[in-house]
Amino acid sequence: MSLNNSSNVFLDSVPSNTNRFQVSVINENHESSAAADDNTDPPHYEETSFGDEAQKRLRISFRPGNQECYDNFLQSGETAKTDASFHAYDSHTNTYYLQTFGHNTMDAVPKIEYYRNTGSISGPKVNRPSLLEIHEQLAKNVAVTPSSADRVANGDGIPGDEQAENKEDDQAGVVKFGWVKGVLVRCMLNIWGVMLFIRLSWIVGEAGIGLGVLIILLSTMVTSITGLSTSAIATNGFVRGGGAYYLISRSLGPEFGGSIGLIFAFANAVAVAMYVVGFAETVVDLLKESDSMMVDPTNDIRIIGSITVVILLGISVAGMEWEAKAQVILLVILLIAIANFFIGTVIPSNNEKKSRGFFNYQASIFAENFGPRFTKGEGFFSVFAIFFPAATGILAGANISGDLEDPQDAIPRGTMLAIFITTVAYLGVAICVGACVVRDATGNMNDTIISGMNCNGSAACGLGYDFSRCRHEPCQYGLMNNFQVMSMVSGFGPLITAGIFSATLSSALASLVSAPKVFQALCKDNIYKALQFFAKGYGKNNEPLRGYILTFLIAMAFILIAELNTIAPIISNFFLASYALINFSCFHASYAKSPGWRPAYGIYNMWVSLFGAVLCCAVMFVINWWAAVITYVIEFFLYVYVTCKKPDVNWGSSTQALSYVSALDNALELTTVEDHVKNFRPQCIVLTGGPMTRPALLDITHAFTKNSGLCICCEVFVGPRKLCVKEMNSGMAKKQAWLIKNKIKAFYAAVAADCFRDGVRSLLQASGLGRMKPNTLVIGYKKNWRKAPLTEIENYVGIIHDAFDFEIGVVIVRISQGFDISQVLQVQEELERLEQERLALEATIKDNECEEESGGIRGLFKKAGKLNITKTTPKKDGSINTSQSMHVGEFNQKLVEASTQFKKKQEKGTIDVWWLFDDGGLTLLIPYILTLRKKWKDCKLRIYVGGKINRIEEEKIVMASLLSKFRIKFADIHIIGDINIRPNKESWKVFEEMIEPYRLHESCKDLTTAEKLKRETPWKITDAELEAVKEKSYRQVRLNELLQEHSRAANLIVLSLPVARKGSISDLLYMAWLEILTKNLPPVLLVRGNHKNVLTFYS
């Protein structure tokens, strides 16, 4: 519906007497016509104008009406349409989404296209207008190029890449099934297996009618709970192909899904062999009766099974439509066979059938068969283990979820109805056969007795037959002895044989289709990269032909074994493991309380699902304990494999949801615990900027926070807020991904601020959560401070003051080459861009077959490749490698090497700790933590403390005692008694030359000039200031001399950071202190804690 064709949107949607308001489109260039329209409106309309500019474009007229009609209009879908004549290209004059309640807005009404392609939904994806687009100011007279989202939203078509993505979905003629043919039929055929015809009567004979019904109901309980869980998961969003694998993987994640998906697909493949061999055994029995054996029973099973599986493969490869038709035909045969049995129970039995134990419905037989009579070696659980595989097959419909028209409706309805119908059939057959057939019969028609003679109390005796000798010798007939009881009871025996054929072939066909479908879905997710070959589909239905061939080969291999007694329990356990995980998935998703868990199918309970999972695990051990152990071992191995490989998928699993809930609960629980010195951990804010730009600073911090503390990489975007926020938001995910890729256990946080100091101040105050708040600020040393603008120096020193104000410790790290490698990264990005352009250009030339031009271009690149240049490329570990491609310079090469120095294992050496001032112990704790790391374990601690020359030995003993109480191992302790002596003249001269450009020298000038200079350059170092802190300046210079003397060969120096009292020491003088203190030394950590204890010797 176009607004150009109708000036009244709502009049086209609902009757005029119920319209609530009217939207009339008015030509912007013809205000006169607008005025005319205003005059023609019905007098009972209440008109509201929204400003002069809005009045020129549209008019909203409210009409009386009820809410119901209004809601009906909104639900009709018209509001989701847009007028192609109103374009989003003019950001000022045109109206956007004019039908969105008649407002001049870019806001879009809710549409399903906005929610597509979110990890589980296929179909065209449209992007709604972003928050910035509808929030930012509109620039007048600016032509905006329409985005793909705009074109789709305005009905102008789907972008090309999205069309390609959804080509498969848009293909005509794709076969999709409803809930009857797709789920109900398949589940019924898979559940009604050969057990129904040749084992159920034996189960009733062993367990009796009472326990037999209990066995059926117990099996049904397992399948029903699993069916409810399956229905809940299947209705919690759009379901793709993959069946049980898809449900489990999207609920519990790739680790569980990938492990169970592989064994579930394998189990279905082997199940094909199991059902085909069951069919072949029946055929071989018929051949025996007619004396038509080909070779021998075993080889005949192999021959018939091989031929059968080839035929089934042909039906499957022909397409799902042919396979579905075959399934319907087999179901009809099966239903006729079941009906034939029930009809046979009411047909009067002849003498031959009576001699075999069939007497029609008799109360005496029902009473006699009601209780159990287990033979030697059998019991309730052994009989249950034999029957339970007959109840499996409930996932046959879910396994082809990708071929269903509406999986969310079909899977719950078809699965639960199939369970109900098949359970009723099993119960009916069990009760009927138990009420009609005795347990033992001789089959001899001469075993009759005269009426009135003394009976042995058996039901058969009362009915004129004496089968008492079956107590002493084996008999061939009766529930306990004859597996063909249903064929005997039925009205026409060959129909039961046809039913057996139908049950086995239909189950084999369903498994032959399910296995490749599940396997293809698993391979498409690329969890096992080696199996990607089998992800390819063919034809309009995306048939997994490669998977069919693999399933055929597996089935053929097990058919050739021709003995299923060993593999059948493993198959059943594989299926049960899938059922257990489906139930656990439903419980886990409910327990995680994720807002995304909103199944449309509400008939489930999380605790019932958990009970079902436990029940499935118990049944696995009841059926076969060693098969259950094998299943768990295989699943555990695959789980560990997938976990180690860390597949790059994000399905919003309940495992992720529970991780969030656990983290939230733990964080809240932590707030109730008071801080204790024994639980202190370094929780650091690291001013790295982008994490990849200062890797060395991040590496050294990560070395003492990994697995023991919090590390937050912080970046401050300085500048206009609009630009900064845009840049910040666009890079956050990339930088956090870089941390994950490089296996750095840290968070990334960023703020936008007008100045650097304000941003850091915000981070210091607002970062963290509860008890997990930063207590240490880590920054790199500002190496270029003498060339930097004054504001940068003020900000740098200012953030140190701010940290101390917030009672946060400070760590300043200095290395000789500095930390910032952003220029190197820019060169790397430029090289990558040029390389991509070169490859694209060469590909274009090759495609166009322009040989002459191609030769010229390639020659150009070939010459360029001979230049002696250095290219930087990233290694797998995230470090930077250098190779000859472009000139970066010797300095950059050293910088690149320095950026990786803390990634490497440190050579055997020392960490020298100059613990000059007691800051609570942080200066000692950080190097101790470093020595616990693998990369630093060969470095020993040497402790240096200040003292008096005449008490060196006593103070050394005292410090050794303190360190022992702290349980900190050290290699040596040095007491420095000459810290306070003046440095030599050469060292002091270096310091004076350093600060000379920043001195005011007011004492050499008259008072007026000096005061004027102080006002104009308040940042300079005054003579009075320098004189007041002269002793402290001496100390910094002297400390550098001592560091050069004692620690020049150390791997790392950890040194107490001098504190500059606010208002007493200028920023430039403080920077000069730091410079002279750490000049020409190995890597240095200047550390100052917040003067609260972080070490204790109490237990």
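Keep in mind that glycine also has a Cβ here, set from the backbone N, Cα and C atoms.
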Among ASN399, ASN446, ASN583, residue with annotation N-linked glycosylation site (source: Swiss-Prot): ASN446
Swiss-Prot annotation: GLU281 and TRP597 on one membrane face: yes
Listed residues THR100, THR448, THR693, THR776, with the one flagged phosphothreonine by Swiss-Prot: THR100
Where Swiss-Prot places motif 'RFXV motif' among the ranges 20-23, 408-411, 648-651, 700-703: 20-23
Swiss-Prot annotation, phosphoserine - which of SER13, SER91, SER401, SER730: SER91
Which listed residue (SER130, ASN446) has most other Cβ within 10 Å, given these are recorded positions: SER130
Overall pLDDT for the topological domain 'Cytoplasmic' (223-259), taken as the rounded mean: 84
Contact call for the transmembrane segment (303-323) against the transmembrane segment (610-630), three or more Cβ pairs under 8 Å: no
SER130 (phosphoserine) and ASN446 (N-linked glycosylation site), Cα-Cα, nearest whole angstrom: 91
Chain residues outside the topological domain 'Cytoplasmic' (401-417) and at least six past its termini with a C-beta under 8 angstroms from it: 175-180, 182-184, 186-187, 224, 227-228, 230-231, 234-235, 238-243, 246, 320, 394-395, 517, 521, 541-542, 600-601
Touch test for the transmembrane segment (572-592) and the transmembrane segment (260-280), at least 3 Cβ pairs under 8 Å: yes
Same-chain residue ranges lying at least 6 outside the transmembrane segment (178-198) that approach it to Cβ under 8 Å: 223, 275, 278, 282, 324, 327-328, 330-331, 334, 337-338, 386-387, 389-394, 396-398, 400, 403-406, 409-411, 413-415, 417-419, 421-422, 425-426, 429, 483-484, 486-487, 496, 499-500, 502-504, 506-507, 510-511
Contact call for the transmembrane segment (551-571) and the transmembrane segment (328-348): at least 3 Cβ pairs under 8 Å, seq gap 6+: no
Contact between the transmembrane segment (610-630) and the transmembrane segment (202-222) (at least 3 Cβ pairs under 8 Å, separation 6+): yes
Tertiary contacts of the topological domain 'Extracellular' (349-379), as residues 6+ beyond its ends and Cβ separation under 8 Å: 204-211, 432, 434-445, 447, 458-460, 462-465, 467, 477-480, 482, 485, 488-489
Long-range environment of the transmembrane segment (260-280) - Cβ separation under 8 angstroms, sequence gap at least 6: 193-194, 242-245, 248-249, 300-302, 304-305, 308-309, 312, 399, 500-501, 504-505, 507-508, 511-512, 514-516, 518-519, 521-522, 527-528, 550-551, 554-559, 561-562, 564, 567-568, 570-571, 574-575, 577-578, 581, 631, 634-635, 638
